[in-house]
Amino acid sequence: MNNLNKGDMRRSQYLMFFSNKKENKSYNVGQLVGLILGPLLFVLTLLLFQPDNLSDKGVFVLAITLWIATWWITEAIPIAATSLLPLILLPVGHVLNPEEVSAQYGNDIIFLFLGGFILAIAMERWNLHTRVALRIINTLGTSTGRILLGFMIATGFLSMFVSNTAAVMIMIPIGLAIIKEANELKHGDTKPESISKFEQALVLAIGYAGTIGGLGTLIGTPPLIILKGQYQSAFGEEISFAKWMIIGVPTVIVLLFLVWIYIRYIAFKHDMKTLPGGQDLIRKKLSELGKMKYEEKVVLIVFLLASFLWITREFLLKHWTFTSEVADGTIAMFISVLLFLIPAKNKEKHKRIIDWEVAKDLPWGVLILFGGGLALAKGISESGLANWLGEQLKLIEGVSPLVIVLVITIFVLFLTEITSNTATATMILPILATLSVAVNVHPLLLMVPAAMAANCAYMLPVGTPPNAIVFGTGKISIKKMASVGFWVNLLSIVVIVLVVYFLVPPVLGIDVTQPLPLK
């Protein structure tokens with residue numbers, strides 16, 4: 001312990017507090033409270049809550065929702081396990097039959113995300129993601145500002161197609177290597193505090209860029225795929241991959257640029273203009289990768305093919321007779337099968353580009369959570385609970401939509417600092433779908449900012465895995481992360497509200513003052 005510096009001690013204490021208790025006990029205090037509170041709310045709702053104009057089935061679904069939401073928030077049992085409850089409770093309450101419930105777990109949306117995961121695993125297996133990232137950084141130059149921006153662009157781009165966590169885990173070791181090189185090669189006129197500020201800026205910028213980049217595509221982050229699924233389930237309308245990119249990519253670009261300016265020139269302002277050895281290290285790592293291998297080329301071609309099909313489906317494939325019923329999930333499965341089909345040249349390592357061994361690396365729990373959320377939303381709709389909630393929410397009719405959007409964005413963004421972003425989106429979006437009918441606005445005016453905000457957690461290590469990875473480097477304290485993250489939260493709120501008001505309506509072709517009827 002005597003050899004630990006203050007940062008190491010803080011990190012050790014933090015990790016002990018949040019992990020050791022879980023290792024030594026089956027349940028921590030919060031989980032025990034949730035474990036009891038969930039079923040208790042279920043029973044009390046059934047016994048004591050009998051409002052007018054709400055059927056017994058509606059009351060039953062409300063009770064289920066409170067139980068599931070409590071377990072999701074407290075993580076009393078694994079979130080994915082909680083997401084299996086609709087399969088049990090909805091048929092028991094005669095709300096939906098087993099076939100109707102289980103069909104939600106096989107929704108096209110889930111297969112879109114599954115295909116995205118498989119493509120990401122293929123990129124990681126053959127190291128294409130590292131080559132792309134290093135190329136981007138190498139292109140942008142040697143100044144500290146450009147290196148910082150290069151890392152953010154590379155991480156943000158990767159995060160559009162692989163998980164936020166994977167993107168950050170790829171980039172952090174490269175960033176730490178550059179920091180180490182800078183410390184070893186620092187010039188006599190380079191102040192130690194300048195290097196310290198730069199290393200804090202770099203690791204935090206990588207973490208934030210991983211979170212921001214997820215907003216770029218529908219497969220970039222779970223809240224967006226939940227948005228697509230819940231919107232389609234509630235209203236029978238679709239958000240296409242291509243149209244979301246027209247919204248998401250500019251959002252990512254603007255946020256990355258604003259956060260880069262804030263981190264480089266305000267939060268971690270320093271006098272070091274160039275980084276000793278930084279460019280040389282990047283070139284060395286590129287050299288170590290060697291020439292692009294056959295397998296990398298195959299994955300790149302399949303990736304470009306998938307992107308082309310997703311982007312053109314709306315205005316090209318839909319107009320061809322034999323592809324008119326093709327959905328984004330269909331394309332995802334097509335590219336997945338291609339990756340399983342194409343042989344690899346390096347057969348000592350793997351016989352094909354990917355094989356079924358990758359199945360163990362797929363986040364099945366996330367896919368089950370999606371299914372549980374869709375099943376619960378179906379139950380809310382079919383039981384009449386959605387219409388009843390809409391009637392109750394008419395109390396806020398007449399409030400400015402801008403105020404509602406702002407409040408939703410702030411509430412969800414700060415809520416997701418302490419709860420799972422996926423669980424938050426799964427809980428909040430069906431409620432907002434109903435709220436849109438009550439306040440006479442288009443549902444996407446409320447659902448889009450909530451989904452985007454659910455992805456944005458910058459203040460705490462527990463807020464999102466990228467933050468935890470950054471904190472784990474020992475380069476940044478919780479206090480500093482919270483103070484910097486607070487201002488990044490505010491930047492995100494402003495950008496999200498502006499995007500929702502000025503970009504979403506024309507791109508998606510909606511009139512924000514026209515509500516949609518629930519299915």
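Every residue gets a Cβ built from N, Cα and C, even glycine.
Quick caveat, the model's predicted, so the values are computed rather than measured.
Annotated transmembrane segment per Swiss-Prot: 29-49 (among others), in sequence order, evidence recorded as sequence analysis. Long-range contacts of the transmembrane segment (29-49) within the same chain: residues 59-60, 62-64, 66-68, 70-71, 73-77, each at least 6 residues beyond the stretch ends and with a Cβ under 8 Å from a Cβ of the stretch.
If you look at the transmembrane segment (59-79), the same-chain residues 6 or more away from its ends with a CB under 8 A from one of its CBs are 27, 30-35, 37-39, 41-43, 45-46, 49-51, 85-86, 89-90, 93, 95, 365, 369, 372, 376, 379-380, 383, 385, 419-420, 422-423, 426-427. Residues annotated as transmembrane segment in Swiss-Prot, with sequence analysis given as evidence: 59-79 (among others).
Residues or ranges marked as transmembrane segment by Swiss-Prot on the basis of sequence analysis: 103-123 (among others).
For 136-156 (among others), the entry in Swiss-Prot reads transmembrane segment, with the evidence type sequence analysis.
Residues or ranges marked as transmembrane segment in Swiss-Prot: 159-179 (among others). Within the chain, the transmembrane segment (159-179) has long-range Cβ neighbours (under 8 A, six or more residues past its boundaries) at 116-117, 119-120, 123-124, 129-130, 133-134, 137, 147, 151, 195, 198-199, 202-203, 206-207, 209-214, 216-217, 219-221, 248-249, 252, 275, 277-278, 281-282, 285, 303, 363, 455, 464-466, 469-470, 473, 475.
Packing against the transmembrane segment (201-221) from elsewhere in the chain are residues 112-113, 115-116, 147-148, 151-153, 155-161, 163-165, 167-168, 171-172, 175-176, 178-179, 228, 239, 241, 244-245, 248-249, 251-252, 255-256, 259-260, 263-264, 267-268, 270, 328, 421, 452, 455-458, 464, 466-467, 469-470, 473, 475-476, 481, 484, 488: each is 6 or more residues past its ends and has a CB under 8 Å from a CB in it. Swiss-Prot lists 201-221 (among others) with the feature transmembrane segment, giving sequence analysis as the kind of evidence.
Here Swiss-Prot flags 241-261 (among others) as transmembrane segment, drawing on sequence analysis.
Listed as Cβ neighbours of the transmembrane segment (297-317) (distance under 8 Å, sequence separation of 6 or more from its ends, same chain) are residues 115, 119, 122-123, 126, 128, 161, 240-243, 245, 323-324, 326-328, 331-332, 334-335, 338-339, 342, 353. As annotated by Swiss-Prot, transmembrane segment applies to 297-317 (among others).
What Swiss-Prot lists as transmembrane segment is 395-415 (among others). Here the transmembrane segment (395-415) has Cβ contacts under 8 Å with residues 424, 428, 432, 435, 438-441, 445-446, 449-450, 452-454, 456-457, 489, 492-493, 496-497, 500-501, 512-513 of the same chain, all six or more residues outside its ends.
Sequence annotations record features per position, and here Swiss-Prot assigns transmembrane segment to 428-448 (among others). Panel annotation: around the transmembrane segment (428-448), residues 226-227, 230-231, 234-235, 239, 247, 373, 376-377, 380, 386-387, 389-394, 396-397, 399, 401, 404-405, 408, 412, 454, 500, 504-505, 508, 510-518 of the same chain, lying at least six beyond its termini, place a Cβ under 8 Å from a Cβ of the stretch.
If you look at the transmembrane segment (451-471), the same-chain residues 6 or more away from its ends with a CB under 8 A from one of its CBs are 11, 14, 18, 164-165, 167-169, 172, 203-204, 206-208, 210-212, 214-215, 221, 223-224, 226-227, 251, 408-410, 412-413, 416-418, 421-422, 424-425, 428-429, 478, 481-482, 484-486, 488-489, 492-493, 496, 499-500. Feature annotation from Swiss-Prot assigns transmembrane segment to 451-471 (among others); the stated evidence is sequence analysis.
Note on the transmembrane segment (490-510): residues 239, 243, 246-247, 250-251, 254-255, 258-259, 262, 402, 405-406, 409-410, 413, 442, 444-445, 448-449, 452-453, 456, 458 of its chain, located 6 or more positions outside it, place their CB under 8 angstroms from a CB of the stretch. The transmembrane segment feature in Swiss-Prot is assigned to 490-510 (among others); the stated evidence is sequence analysis.
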Self-check item: Sequence-remote partners of the transmembrane segment (103-123) [C-beta within less than 8 Å, at least six residues beyond its ends]
Solution: 86-87, 129, 161-163, 166, 218-219, 222, 225, 228-229, 232-233, 299, 302-303, 306, 327-333, 335-336, 339, 353-354, 358, 361-363, 366-368, 370-372, 374-375, 378
